[in-house]
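Participant: One structure, as structure tokens, below. Some questions next.
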Amino acid sequence: MGSSGSALKVCTDHRGGINWLSLSPDGQHLLTGSEDGTARLWSTADSQCHGHFQGHESYITFCHLENEVAFTCSADHTIRKWDVMTGQCLAIYRGHTSIVNRILVAKDYLFSGSYDRTARCWSVDKEKQIQEFRGHRNCVLTLAHYSSRDVLDESEEEQEKLSRDFLVTGSTDCTVKVWWVSSGRCYQTLLGHTGAVLCLILDAPNRELFSGSTDYTIRTWNIVTGEQLKVFKEHQGSVICLELVNRYLYSGSADKTVKCWLADTGEQVQTYKTHKHSVSTLKYHAGILFTGSGDACARAFNSKTGVLQRIFRGHKFIINCIQIHNELLYTASHDGTLRIWDVQGICKRNKHRPKKERLSRLFNNRVGCTVQQENGELEAVELM
């Protein structure tokens, strides 16, 4: 499958690798956090840099963008809050004693996870620490949040009266922990993984949590009871990233593949190949699965058939994060560039499935054969 040609735009303002890319809720801006210790604000309307946030004393590990304020966390042990319009630093959250590697904004809370083995909760408005979650034996890598109202039915809500907030943390100590935000106490410790927990996806309405690990597995848990429900075992490398869409679970791995699973049954239904290195990030949009890889390429797959539709070439190093907005793909890389690609044609083509693809499904369903794609052409191969 050929490449998409050159990007619409290559933004080279950063002087270090870009570790994260966040899209504002209103879709008007993007925020990049970089190894150069700065964050930059980009307009999705004109793809220009409209803000430069400076102040951290070391590299930025992660960032989060709201419509009016932005948050960055850093290896300098701090979190900063910024005014989007002026670029002014509004607050510095101090307390962690090592690298802050992840932040999460939910309601009026700001949560953070650190290499100091703790997670913390801060007041967004009052800009002070509310709670500390201490109990992991190693660094906290990933976070999720939910409220008891998200997981209770109406009869249970009446009994509960007050909504309680919970923080979920994944750690390199191989455990997932669920914490009461109000008290800081551990509510559940989810045991089963034998490797570091790298990613979490929460499906609160179904009371389920999915965790991916360096032990090559994905596990799903009942977040009310703590029971382990299923183990997804088909990957041959660390599970690096997860995406849940309409009860389809997509997992990107160091084994150079993405897999699609039925979340309800654990059945693997598709594997997306052709990556030359680990799959570092993924995003579903309009029936297309977009991936970023350590091979410096982004890819677009038909999510149903697994057929590769386009390769985006141009980056020099690993793609750390991707976003899609208004039929534009944004890729942020450790090479320090933000690249912007037009994906309108891919999305339109996916809405009207081509004849060859329909024929391939007919072959699969009617004559017991598989269809392989080579240089963009389809051919039927008998299954013996």
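Using N, Cα and C of the backbone, Cβ positions are placed for all residues, glycine too.
Relevant sequence annotations retrieved from TrEMBL are reproduced here:
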- 11-43: repeat 'WD' (REPEAT)
- 53-92: repeat 'WD' (REPEAT)
- 93-132: repeat 'WD' (REPEAT)
- 166-189: repeat 'WD' (REPEAT)
- 190-231: repeat 'WD' (REPEAT)
- 232-271: repeat 'WD' (REPEAT)
- 312-344: repeat 'WD' (REPEAT)
Participant: Using Cβ distances below 8 Å and needing 3 or more such pairs, separated by at least 6 in sequence, tell me whether the repeat 'WD' (312-344) contacts the repeat 'WD' (53-92).
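Facilitator: The repeat 'WD' (53-92) and the repeat 'WD' (312-344): touching, no.
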Participant: Restricting to the same chain and to residues at least six past its boundaries, which positions have a Cβ under 8 Å from a Cβ of the repeat 'WD' (11-43)?
Facilitator: 49-54, 56-67, 70, 72, 74, 82, 84, 87, 317, 320-323, 325-326, 330, 332-340
Participant: Run through the repeat 'WD' (232-271) and tell me, per DSSP, how many residues are helix, strand and coil.
Facilitator: 0 helix, 23 strand, 17 coil
Participant: Could you tell me the mean pLDDT the prediction assigns to the repeat 'WD' (93-132)?
Facilitator: 95
